[in-house]
Amino acid sequence: MKAYQRQFIEFALNKQVLKFGEFTLKSGRTSPYFFNAGLFNTGRDLALLGRFYAEALVDSGIEFDLLFGPAYKGIPIATTTAVALAEHHERDVPYCFNRKEAKTHGEGGTLVGSPLQGRVMLVDDVITAGTAIRESMEIIGAGGATLAGVLISLDRQERGRADISAIQEVERDYHCKVISIVTLKDLIVYLEEKPEMADHLAAVRAYREQYGV
């Protein structure tokens, strides 16, 4: 695990974005941890979040021309990632996002920002069922652009209804790489370094054993 990944986990814990305990997920599973990126909700949070996304993006080595943030949660993520790439990595990258409702006046349409073209890096908070990715693929394809990859904050590395995860389904269906700032494996490594969190470590390991990919 790299330094920025450890820092991201601590950032998420401090903001209570990442919690350990017992949580019932939409799937009905009882999870030993919960991740709610919506709690990154201040200016400082967004500035730091952008740095972590930019770091993971540069670390991945994936070539891309434009950042796309699907409405709604992806919009501030794309924006802050673009700012961080410019400020900390000297990369002035165009960005774009969509509206849920088409605008009928002014410039019109469903897209805001730079023209949607070239190799697109889609940024979002998490992938649960892959629905937002599929909707975004229709938008990206309609503009003649191609998907370079997908970047999210956390990969839970757990099976969906099938034997593979929603992320693996996206990679299979769209022939792209999905990268994340951290994964469930990274959370386990972090917990292994914290003796005072041994109970949580045992619970997360058991969960991975049951639902992991």
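Even glycines carry a Cβ here, placed using N, Cα and C.
Now, the feature entries from Swiss-Prot:
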BINDING   K26, 72-73, 99-100, K103, H105, 124-132  5-phospho-alpha-D-ribose 1-diphosphate binding site
BINDING   F34, F35, T128, R156  orotate binding site
Determine the minimum-neighbour residue: among F34, F35, listed as binding-site residues, which Cβ has the fewest other Cβ atoms within 10 angstroms?
F34
If you skip the near sequence neighbours and keep only those at least six away, which residues in the chain come within under 8 angstroms of T131 (5-phospho-alpha-D-ribose 1-diphosphate binding site), Cβ to Cβ?
none
For the binding-site residues listed here (K73, K100), which one has the lowest count of neighbouring CB atoms within 10 Å of its own CB?
K100
C-alpha spacing of F35 (orotate binding site) relative to K100 (5-phospho-alpha-D-ribose 1-diphosphate binding site), in angstrom:
24
What same-chain residues, at least 6 away in sequence, bring their CB to under 8 Å of the CB of I127 (5-phospho-alpha-D-ribose 1-diphosphate binding site)?
I133, V150, I152, D155, A166, I167, V170, V178
For R156 (orotate binding site), what residues in its own chain, 6 or more apart in sequence, show a Cβ-Cβ distance under 8 Å?
F35, V126, S165, L184
Which of the three DSSP-derived classes (helix, strand, coil) applies to T128 (orotate binding site)?
coil
For R156 (orotate binding site), what is the secondary structure by DSSP, using just helix, strand and coil?
coil
Return the count of C-beta atoms lying within 10 angstroms of the C-beta of K26 (5-phospho-alpha-D-ribose 1-diphosphate binding site), excluding that atom itself.
7
F34, F35, T128, R156 excluded, remaining Cβ within 8 Å of their centroid (orotate):
L25, S31, Y33, N36, V126, L154
Other CB atoms, at most 10 A from the CB of D125 (5-phospho-alpha-D-ribose 1-diphosphate binding site):
20
Measuring Cα to Cα, how many angstrom lie between T128 (orotate binding site) and K73 (5-phospho-alpha-D-ribose 1-diphosphate binding site)?
13
With H, G and I counted as helix, E and B as strand and the rest as coil, say where DSSP puts K73 (5-phospho-alpha-D-ribose 1-diphosphate binding site).
coil
